[in-house]
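As written in Swiss-Prot, here are the features:
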{"type": "MOD_RES", "residues": "Ala2", "note": "N-acetylalanine"}
{"type": "REGION", "residues": "32-51", "note": "region 'Disordered'"}
{"type": "MOD_RES", "residues": "Lys40", "note": "N6-acetyllysine"}
{"type": "MOD_RES", "residues": "Thr96", "note": "phosphothreonine"}
Amino acid sequence: MASATRLIQRLRNWASGHDLQGKLQLRYQEISKRTQPPPKLPVGPSHKLSNNYYCTRDGRRESVPPSIIMSSQKALVSGKPAESSAVAATEKKAVTPAPPIKRWELSSDQPYL
């Protein structure tokens, strides 16, 4: 591999003001350091760095259905029919995707068909 002579290296170092050959592998200053400081996490379910099991730091376990604070509709008590409804409860038939199939009638003039 070609390199400059010692005289040329010293001349370059003197002109630049620092040693250009000292750390060639770390020539970029924006590279992150190998030892990182510990993270500064906000206080929450995962603020502990150790003894923090996945099931306790999973945010989905903390979610609950919304609580109804106020409603304009009156809720029915389970097991009791509504007192104000005058219409008797009728059972609803199952919904079919098409009109009911008509039953075919056999012709009376040709009984073998």
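In case you wondered, yes, glycine gets a Cβ from its N, Cα and C as well.
Counting in whole angstrom, Lys40 (N6-acetyllysine) lies 60 from the residue listed as 'phosphothreonine' by their C-alpha atoms.
Around the Cβ of the residue listed as 'phosphothreonine', the number of neighbouring Cβ atoms within 10 Å comes to 8. Lys40 (N6-acetyllysine) has a Cβ environment of 5 other Cβ atoms inside 10 Å.
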